[in-house]
Amino acid sequence: MHKCHPNGLKDSSAAGKTNIVDGNSNLLPIISAPSPIDNDYVYIASVNSKFPQFGNALDEEQEAEEQQPEETTYPPPVFDFGMPRNITTRTGHTAAINCRVDNLGDKSVSWIRKRDLHILTAGILTYTSDERFKQVVRTADSKDWTLHVKYAQPRDSGIYECQVNTEPKISMAFRLNVIGE
């Protein structure tokens, strides 16, 4: 007796013995026998050139996984809380606000003026037309991100935030006090 299954395989049964054959009369290995839950199917596995859609699909999937570049993982960035966070300078002098970040990895640092949420710098780029604000260009191995405020004025007093573009972002606030001469 032969039963056709939806997958095109034939099930040959004789005298209580079960054999699985494909459409070309090739004997295939049985992985599990019919179960009482589903008597109509025998589950087989074969990596065989007769079934290239199975073997090749797995090979292609494995090759695709092997070709994808591995993501580089870095330890998370950490602020150095030992840095001075309350900076005082005199009117007309240059104020240097230094933020030190360990484990920056592929992230970048930005300076934000909190009173108006103005982005002053991002990485090595400056985003303000006020030329008194400059991000000190740092060497590749430096952990310091220093915001310089040249010719500081009392109106420059306030909170400045050093931000790292992690998800969620992390930040550390610094207070700048500009006092008269």
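The backbone N, Cα and C atoms fix where each Cβ goes, and this holds for glycine too.
Quick caveat, the model's predicted, so the values are computed rather than measured.
Among the features that TrEMBL reports, compositional bias 'Acidic residues' is placed at 59-69.
Feature annotation from TrEMBL assigns domain 'Ig-like' to 69-173. Here the domain 'Ig-like' (69-173) has, by DSSP, the following mix of helix, strand and coil residues: 3 helix, 47 strand, 55 coil.
The region 'Disordered' annotation in TrEMBL covers 59-79.
Mean pLDDT for the domain 'Ig-like' (69-173) in this predicted model: 93.
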